[in-house]
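Colleague: Annotated region 'Disordered' per TrEMBL: 70-142, 515-553, in sequence order. Marked as compositional bias 'Acidic residues' by TrEMBL: 119-137. The repeat 'WD' annotation in TrEMBL covers 151-183, 252-294, 313-333, 357-382. Residues or ranges marked as compositional bias 'Basic and acidic residues' in TrEMBL: 515-538.
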Amino acid sequence: GVDRGEEEETGASVQYKDGDIAAIMGFSGFGKKARTFDLDAIFEQTRRTAIERSQKALAGLTGVFSLRQQGISSDSDSDSDSDLVGPPVPPQLPAEGDEDDDDLVGPPLPPGYSGRMAEEEEEDDEEEDGMQDEDDDNPVRKIPDTHEITLQHGTKTVSALGLDPSGARLVTGGYDYDVKFWDFAGMDASLQAFRSLQPCECHQIKSLQYSITGDVILVVAGNAQAKVLDRDGFQVLECVKGDQYIVDMANTKGHTAMLNCGYWHPKIKEEFLTCSNDGTVRTWDLNSEKKHKAVFKPRSQQGKRVTPTCCTYSRDGKLIAAGCQDGTIQIWDRNLSVHTKFHCRQAHVPGTDTSCITFSYDGTTLASRGGDDTLKTWDIRNFKKPLNVASGLTNFFPMTDCSFSPDDQLLVTGTSVKKDEGNGKLVFFNRTSFQKVYEIEVANASAVRCLWHPKLNQIMVGTSNGLAKVYYDPVKSQRGAKLCVVKSKRKEKQAETLTQDYIITPHALPMFREARQRSTRKQLEKDRLDPVKSHKPEPPVSGPGRGGRVAAHGGTLSSFIVKNIALDKTDDSNPREAILRHAKEASEDPYWIAPAYAKYDGMRTHSLRLESQVEPESRANQIPNP
């Protein structure tokens, strides 16, 4: 078992046998050389075996195919079917040679099927493919109008719509001063807003827009101070109001008159734009609320101040555009606020409010919606005359807007109607030819706001009767309204009382055993009899305060003193009872009253006596009047 060379090197003289080592170690096989494997040779052998097997399989298939072809060719010469391999050839199939047989692929043709019919079907398939390609090229087919949902904002005009960039939340504002938040993912089929607030008190909402990140909302109302809210409606920023007595608007820190419009910068998330009746367009920074960032002052041809009614940024954020009451559209470079870069003097009829201007997604075309019932498109590189004009689009509202489709091929706007005199419509125009290609009747009211979201491919419309409608297509649209229509309405929650969990411990000691839980109804009846639990909360105090409670309002010194000493100025007791409450005690024990009156009566008697003695003497000394 032990190698002799190793014994000589180590100097070991003891020789062990295999049996002894096996008995000691528990296993045998010492001295045998381990077998070695050549992995490369094994892999090569496996590869050759696989190649040989695949060649044999291919040779077998080739033989079967050759036999089948021999049987088909010999069928025309002899009537015997013994040589055929596979199913027989159908009689309707003409045998024109091996070349035609080689061209046939697939199962045999059915009886009565001719080559002409096959050609006709191929032509029909080609026509269908062509129509499908035409549908893909036709922008009207992409309008998502097959389904709609209606959100009830209120009863007055929905004058503002805003949708965040992801399309998860919609915010609506109206003439009723309310701003409502709608969450498509959180709504069910009842379509209820999850929050409603009045951020600008009693001012109509003019414009609402989410920033490019979707974390804040710009609120423009009828006052002079724009506000920025977060996603939950809490105020983040309120712009400062300027000094109304300064003539030069560049020297005021903010707007001094009613706002008309607002817009977020498309690239810088902290910057936004507002325009006002004070004749200025101002940019603001979200991080500095004490002063505007820059001032742009539109001017007429005579150099007089004009009022901007709408404003916007270009798609790249380098240009600022404003539509004015004198019918002009003025465009500035964002970094140069003195002179306009592009100026169109007669864009719309003077004296009408241009309600909206917007840039196309490619940034080369500007669309303007005028108060003169027109919709125009402009090439800002050639700003003297419009590219296209559409007239007869009634507009009664100063915020009727227009919007480009996500593929930039269509332009949509809303029309206004008088009350009970027809339906407001969404009108779609082809951007190139400017032909009216489609229209949607919205409601028995004017269509004021319209918003075509590019990510959702859904159209939001605000109407003059307090509705916000969402048009969508289950196939072409994404998320948005599709999320809430599939959810069933939640059941109304009944009045629930919070009861403490009852732990059953039957073998616990009496001191640790909980009282047995009673029914909720009995507990409510018991609580009703408890004067502490059933005590009605005190209503808020109005006026100066009463009963030791002081009203919350009032900042004068007297109100501060009253608040600290809790003075009660009112006395609800009966005055007669207050006077007579000590009458019985005084009659029984006249200690406090009788001595005082006795002393008083004595003094009065003495004084009367003195007067009676002095009176005759005074009469005798009197001198008669001559």
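Note: Cβ is positioned from N, Cα and C throughout, glycine not excepted.
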Colleague: For the repeat 'WD' (313-333), what does DSSP give as the number of helix, strand and coil residues?
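Modeller: The repeat 'WD' (313-333) comes out at 0 helix, 12 strand, 9 coil.
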Colleague: Report the mean pLDDT of the predicted model across the repeat 'WD' (151-183), rounded to a whole number.
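Modeller: Residues in the repeat 'WD' (151-183) carry a mean pLDDT of 92 in this prediction.
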Colleague: Just to be sure I understand, if DSSP states are collapsed into helix, strand and coil, how many residues of the repeat 'WD' (357-382) fall in each?
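Modeller: Here the numbers are 0 helix, 15 strand, 11 coil.
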